[in-house]
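**Q** I have a structure here, written as structure tokens, and I will follow up with some questions on it.
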Amino acid sequence: MRLLPCIKSYDEGVDHSKQIDREIKEWIKTYNEAIKLLLLGTGESGKTTIIKQMKILHVKGFSHSERTAMIPHIRFNTHEAIYEIIQNMPVLSIGLQNAKHVRAQQYLLKVGPEGPQEYTEEYFDNVRDLWQDAGVRECFKRANEYQLIDSAEYFLDRIDLIGKEDYVPSDADILRCRRKTTGIQKIEFKVKVPKSMHGGTQDFWMLDVGGQRGERKKWIQVFEGIHAIWFVVACSDFDQTLREDNSQNRLKEALILFEDVWQSRFLLEAGIIVFLNKQDLLETKIKQGRSIAPYFPKYNHFEASGDEYTRTKLFIRNLFVNLTTKKRERRHIIASAERFVVLEASRARECYFHFTTATDTHNVRTVFRDVHQMILTHILSNIGVY
Ligand SMILES: Nc1nc2c(ncn2[C@@H]2O[C@H](COP(=O)(O)OP(=O)(O)OP(=O)(O)O)[C@@H](O)[C@H]2O)c(=O)[nH]1
Ligand SMILES: [Mg+2]
């Protein structure tokens, strides 16, 4: 680590700052190592969706064959959505509103959870009929009481398109498609460096891991050499339980996981940026009259101005900010590393927060620009240039 000489006067300070600027630009020019980013977060928080956005924004997007390869997954998403809804109707004591739809319901239940062998016209007709039923819609509105993919409405609303023989998924369809990640995926891309920094391009690696509990033991394999963690949180999950453990609230699980990541001694050098994701779904939920208060009673005493949605998103951010200001717990300190960890604990460590909608390419582009600059500054500070 290199220490900069101390400044004695204002003029000297200005010269000194110009010198630092020059040094930073020089350093970036010669820095040819890829910047390594790791996406972390609970299951379904939106990590893979961000990887897809990087492919759209910084690689070549999706080819025709990549798009057609998504069709079975999108059709299966549609199936699992309608199947889950109709299966949960009796559990929630909701009946079909239209008796004509009973046959369609029996047809779908007979198809089973794995979906049909072949997606036929008859299959899509039955799904369309059921999705029109007021009872099905009522059960859909109570989706937080069972497990339903976030893209259920998006795909069921597009059933006619998805059922077409010549259907080719759009970028939006691919971004909405849900497939659980198992293992570790990597995407490599180049990004233009802001002119203010020096221009040119910079290599990035972005790693995606599975966020469900069973997948997290694999994370440690990829911690080494990571420059920044993007920790993704599904804010709209505040009233839902985990797919892998229906006794645990999803947002509470995200908070516990974040605290572990923030305190991990393996990630002390990495910059941490929290993506408070699924803002579109959060806003819709709040505007439909749902409240976070029954799940997080502290919300009743939270002071912030703005409408309910704004107050809720600020409250969620606060929950995470509070974890970053807590003292590092000693349970994470092992004897040989104690001195280092204690020193680290006394060093100011910043955490950055962004409100995001990962399915919105424009939003992700803007956030990436901000975050890029922040990561460069973080790396420079870690090596002692800043
Ligand atoms: N509406 C909306 N949907 C989103 C957003 N972010 C992600 N999704 C959807 O949420 C679902 C889950 O997203 P993924 O990116 O697969 O989640 P993940 O974090 O990779 O999940 P694991 O692989 O299980 O760890 C997908 O259907 C996405 O389209 C968002 O901001 N808004
Ligand atoms: Mg994933």
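Just so you know, the numbers here start at 1 and follow the chain as drawn.
Here the Cβ of each residue, glycine as well, is placed from N, Cα and C on the backbone.
Quick paste of what TrEMBL says about this protein:
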- 44-49, 150-151, 175-181, 208-212, 277-280, A358: GTP binding site (BINDING)
- T48, T181: Mg(2+) binding site (BINDING)
**Q** Measure the Cβ-based neighbour count of R179 (GTP binding site), defined as the other Cβ atoms within 10 Å of its Cβ.
**A** 10
**Q** Give me the Cα-Cα distance between L175 (GTP binding site) and T181 (Mg(2+) binding site), rounded to a whole Å.
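**A** Spelling it out, the Cα of L175 (GTP binding site) and the Cα of T181 (Mg(2+) binding site) are 14 Å apart.
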**Q** Quick test of your reading of the structure: among the binding-site residues T48, T181, V209, N277, A358, whose CB sits under 6 A from ligand 1?
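**A** Listed by sequence, the hits are T48, T181, N277, A358.
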**Q** Listed binding-site residues: L175, T181, N277. Which have a CB under 6 angstroms from an atom of ligand 2?
**A** T181
**Q** For T48 (GTP binding site), which residues of its chain lie six or more apart in sequence with Cβ-Cβ distance below 8 Å?
**A** R179, T181, Q185, D208
**Q** So how many other Cβ atoms are close to A358 (GTP binding site), meaning within 10 Å of its Cβ?
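**A** For A358 (GTP binding site), the count of other Cβ atoms within 10 Å is 25.
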**Q** In the structure shown, with every protein chain counted, which of the binding-site residues T181, N277 has the densest set of Cβ atoms within 10 angstroms of its Cβ?
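**A** Max Cβ neighbours within 10 Å, all protein chains included: N277.
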**Q** Can you see whether DSSP assigns A358 (GTP binding site) to helix, strand or coil?
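**A** It is coil.
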